[in-house]
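Participant: Just lifted these from TrEMBL, have a look:
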REGION    1-22  region 'Disordered'
COMPBIAS  1-14  compositional bias 'Polar residues'
TRANSMEM  55-76  transmembrane segment
DOMAIN    137-238  domain 'P-type ATPase A'
TRANSMEM  254-276  transmembrane segment
TRANSMEM  288-315  transmembrane segment
TRANSMEM  600-620  transmembrane segment
TRANSMEM  626-648  transmembrane segment
Amino acid sequence: MNTQDHPASESKSCGSCEHGHDETPLPRNALVIISGALLGSGMLLQWLKLGPVQLHTACFALATLAGGLLVFPAAFKALKKARLDMNVLMTVAVTGAWLVGEGAEGAAVVFLFALSEMLESWSVGRARRAIASLLKLTPQTTLVRGADGVTKEMPVAEVVVGAEISVRSGSSVPLDGEVIAGESAVNQAPITGESVPVEKKPGDPVFAGTINGEGSLTVRVTKAASDSTLARIIKLVEEAEEQKAPTQRFVDKFAAIYTPAIFLVALLVALLPPLFMGGAWSEWTYRALVLLVIACPCALVIATPVSIVSGLTALARRGVLIKGGAYLEAVGKLRALAVDKTGTITQGRPQITSVIPIGDIAEEDVLRRAAAIDVHSEHPLAKAVVAAAQAKGITWIESSQYKSVTGRGATAIIDGHPHFIGNHKMAHELGLCSPDIEARLTEIEIKGQSLAILGHAPHEGCNGKVLGILSIGDTIRPEAANALTLLHNAGIEKVVMLSGDNQRTVDAIARLAGIDEAYGDLMPEQKIEHIRRLMTEHHYVGMIGDGVNDAPALALASVGIAMGAIGSDTAIETADMALMKDDLTRVAEAIALGRRTLRIIQFNVTFALVVKAIFLILAFTGHTSLWLAILADTGATLLVIMNALRLLGAAQTTKQ
């Protein structure tokens, strides 16, 4: 999320092309077809020597006019703004061709240029339509149960939050909601990209656009149609596609200088040889026109936006949201990855595995006091303590003066006495870690388990003491080891775990998962120091975290990544990259596709420049024609587009 990588909200992806296809309300496709038909007719008549020359000329003139309606108005607007763009360049070339008596070539130039514009528009549109088509997964109407128990069909857009809807077997879920009756397996692939259906029962969330299985569900609507997770995903991807990547901004700046420079060079080519070298005006004017045509940077300018849009769309269809071209490029450049432990490498569902009373206190009383403090916290470990107390039917007493201690734990008053519950470091800082306590803690930590220590906090007249130890287990994600292998295969040089948990627990988890380096007992500001160090060593660093304790580190990293963002508006809105499913392998997929996108952009830009360079040399030496120049330009544009569109299917595998 480093500011150097932040994309500015700019014009549309293809807006930088400065073509005429967005400048006119005229039917572009029809005009291109008419222009091509007239050009072909004129050439055929000329080749067969049928009809008078005037008929041939009329065909070429009408072909020029039809294609020119897509170019000339845009050129006029550019000139009014004192700007030289590709439309002006083509207009001058076409006009010049007619003035030197090459009407057929002038018509060919305007037709092929208009055709290349149409191809560019189609290519970007295809990628955008691929993500927008997800909206078709949601039905237009749904069955709503009224207060009187009668079910009636209503437009999805009119269904309000809180309404109860029926989802039949085999149908699409129309709105986000919570299951209140029925059980079924739901295919969430349109949002998460996972192929295995997820079992749903009362209390579970369901999302618009997912496909219900064999069971029938009654769902209470939690979000309006316009605010569903699917609608937000589509909106965010469309916004991301509007933002320019660094490569695109560079190409746009280059084109802004390059195009006027070409005009100047062409003018010198047309004037200097006839004036000072005795060259023929017609010959050097023609060469200048060829120079203008071949110099048109269509393929160069379209190379990046089509690649970016295709890459963003491919990942979105696999359940990975990236906030724009700048972040997709940054993902493709990542060399190191920092990960949180809980919820990233582990399942994020910690459970109390044992309660160890210290002294003459009962196990139930340890859990009761611990829950009395932790009921005020949203931390995953605190929730595990409360859940364990509830499971045992333990009711806890009220606590007061609750205070969270960042990176350590919490304190509160219970029965008039200050209590604390926290990690190893907190107990150590309070001076309560006796050799016996240390031995017990070490035994838990080397197993890779977390712990919470409950005790009386030192205060006036009391030195404090440990009342009990709660060991907390959280299983490693089954795909973690494979994901680490895929990340290294994708080019990640180092994966580092940054955790607030104790060092021994972190080391044990890191060994099991195959993580390169692990650092525990970290405060949020210490995580920032590690991110800075990694950025110094590897330049581009990603951070996967929960967005709460890790917020500063996520903000500093080149790319901040949130896992399991499905149903989480905050994660979807704030992360640079959000995974709809809790699956680390998707990070490897995104990195691999980001690298592939960069390679395709680099190839496309290089290819476009090489083609231009070759034909510019041929233009200077008089070894090419307007025909070949425009065919080369259109051909290069078409090849660049087709190469970029390959990315639409690239997310099917992580192996590039």
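Glycine too: its Cβ is placed from the backbone N, Cα and C atoms.
Caution: TrEMBL annotation is automatic and unverified by curators.
The structure displayed is predicted, hence computed values, not measured ones.
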Participant: Report the listed stretch (55-76, 288-315, 626-648) having the maximum count of Cβ pairs within less than 8 Å of the transmembrane segment (254-276).
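Facilitator: Ranking 55-76, 288-315, 626-648 by Cβ pairs under 8 Å to the transmembrane segment (254-276) puts 288-315 first.
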Participant: Are there residues at least six beyond either end of the transmembrane segment (55-76) with Cβ under 8 Å to its Cβ atoms? List them, or say none.
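Facilitator: 18-21, 23-24, 26, 28, 31-32, 34-39, 41-42, 45-46, 85, 87-88, 90-91, 94, 98, 103-104, 106-107, 110-111, 113-114, 117.
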Participant: For the domain 'P-type ATPase A' (137-238), give the DSSP counts of helix residues, strand residues and coil residues.
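Facilitator: So the counts come to 21 helix, 36 strand, 45 coil.
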Participant: In this predicted model, what is the average pLDDT of the domain 'P-type ATPase A' (137-238)?
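Facilitator: Value for the domain 'P-type ATPase A' (137-238), mean pLDDT as a whole number: 83.
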